[in-house]
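This is the feature table in Swiss-Prot:
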- 77-81, Arg182, Ser190, Arg194, Tyr237, 284-293, Lys299: 3'-phosphoadenylyl sulfate binding site (BINDING)
- Cys95-Cys155: disulfide bond (DISULFID)
- Cys224-Cys232: disulfide bond (DISULFID)
- Lys157: site 'Transition state stabilizer' (SITE)
- Ser284: site 'Transition state stabilizer' (SITE)
- 9-25: transmembrane segment (TRANSMEM)
Amino acid sequence: MRLSVRKVLLAVGCALALVLAVQLGQQVLECRAVLGGVRSPRRMQPEQEELVMLGADHVEYRYGKTMPLIFVGGVPRSGTTLMRAMLDAHPEVRCGEETRIIPRVLAMRQAWTKSGREKLRLDEAGVTDEVLDAAMQAFILEVIAKHGEPARVLCNKDPFTLKSSVYLARLFPNSKFLLMVRDGRASVHSMITRKVTIAGFDLSSYRDCLTKWNKAIEVMYAQCMEVGRDKCLPVYYEQLVLHPRRSLKRILDFLGIAWSDTVLHHEDLIGKPGGVSLSKIERSTDQVIKPVNLEALSKWTGHIPRDVVRDMAQIAPMLARLGYDPYANPPNYGNPDPIVINNTHRVLKGDYKTPANLKGYFQVNQNSTSPHLGSS
């Protein structure tokens, strides 16, 4: 018995010595490589790059840079909230509320690239483009994945993220983008009347806001075209409202997601588990609780100053480029589907449900500001 124990101890000792010898040999080789000026970067293993989350249904979800993320964006007041609410109504998709931080971090990354002096300093410090991109990739994925419940398909809605579509497509090669497009006159009227603060936009001036709208949508549209039609789909707000079923079928086909009738009734899933989460501080919340309706389409007509109407084609040339008539007040957007007409009658009669957790907020909000119906 004593002999067998000795043999076991001897075998264990030999094994430990072998392991230590192998590790020591590896360290010697690494030291030689460093001294010789050849340093191979340590790369994360594929399993380390995955983000693992457990859903309320006890299903494990794994997220990584190769997953098909969805990015929804556009100039604010162009229907981005409506679009993401419709996607949130799908049982396999989760967008959630605006993160607000993702477009700011993307803007910082862009600023570092544009500044030659700053880029030189970063490179000297070893903070190369590869290091920054890996950090951005991990940060963005972490924020998108963890700011809401896990789902098979994750989506992000921060309007200005689509100013960086080309960069995001490089970070997440299987991602797809939905660029919300809306008549700039309607978007600007909504910004001004609802007092939606946007950096750089002078809400006291239709001319200034239309000029800034034109610049913003021009950048986003160019990015969308550069990414390519197979990865970025322009979605016209007016057509989404007038023909929701047709538009959503096209959108889901583009995203490679199976059809579900729930996307046509997002208002029924607001505040419900696995449904549509809304923020009390987002300006569109009081509109998106209603079914898709026509109230917001032409509400801008008659409110834009005459001199701005006269100069519209010069102030906002992107209107014509996107297919809008800059001289029509309002343009003929098309004829609505019967369900949308019915929804509009319901909204005018107040025949829709306000989620219990938002009732007090809307009573206060409606007493302090004029009501604006319609989905935006």
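From the backbone N, Cα and C atoms, a Cβ is placed for every residue, glycine too.
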What three-state class does DSSP give Lys290 (3'-phosphoadenylyl sulfate binding site)?
coil
Within 10 Å of each Cβ, count the other Cβ atoms and name the one among the disulfide-bonded residues Cys95, Cys155, Cys224, Cys232 with the highest count.
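By the 10 Å Cβ neighbour count, Cys95 comes out on top.
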Ranked by the number of other Cβ atoms within 10 Å of their own Cβ, which of the recorded positions Arg77, Lys157 ranks first?
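Checking each of Arg77, Lys157, the winner is Arg77.
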Taking 10 A as the limit, how many CB atoms besides its own sit near the CB of Gln287 (3'-phosphoadenylyl sulfate binding site)?
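For Gln287 (3'-phosphoadenylyl sulfate binding site), the 10 Å Cβ neighbour count is 23.
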Rounded to the nearest Å, what's the C-alpha distance separating Thr80 (3'-phosphoadenylyl sulfate binding site) and Cys95 (disulfide bond)? Just drop the number here, would you?
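About 11 Å separates the two Cα atoms.
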Tell me which of the binding-site residues Arg77, Ser190, Ser284, Gln287, Asn293 ends up closest to Cys232 (disulfide bond) in space, Cα to Cα.
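Checked the binding-site residues Arg77, Ser190, Ser284, Gln287, Asn293; minimum Cα distance to Cys232 (disulfide bond) goes to Arg77.
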Between the Cα atoms of Asn293 (3'-phosphoadenylyl sulfate binding site) and Lys157 (site 'Transition state stabilizer'), what distance do you get, rounded to the nearest Å?
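Spelling it out, the Cα of Asn293 (3'-phosphoadenylyl sulfate binding site) and the Cα of Lys157 (site 'Transition state stabilizer') are 21 Å apart.
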May I ask which of the recorded positions Cys95, Cys155, Lys157, Cys224 is closest to Ser190 (3'-phosphoadenylyl sulfate binding site) if we compare their C-alpha atoms?
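Its closest listed neighbour, by Cα, is Lys157.
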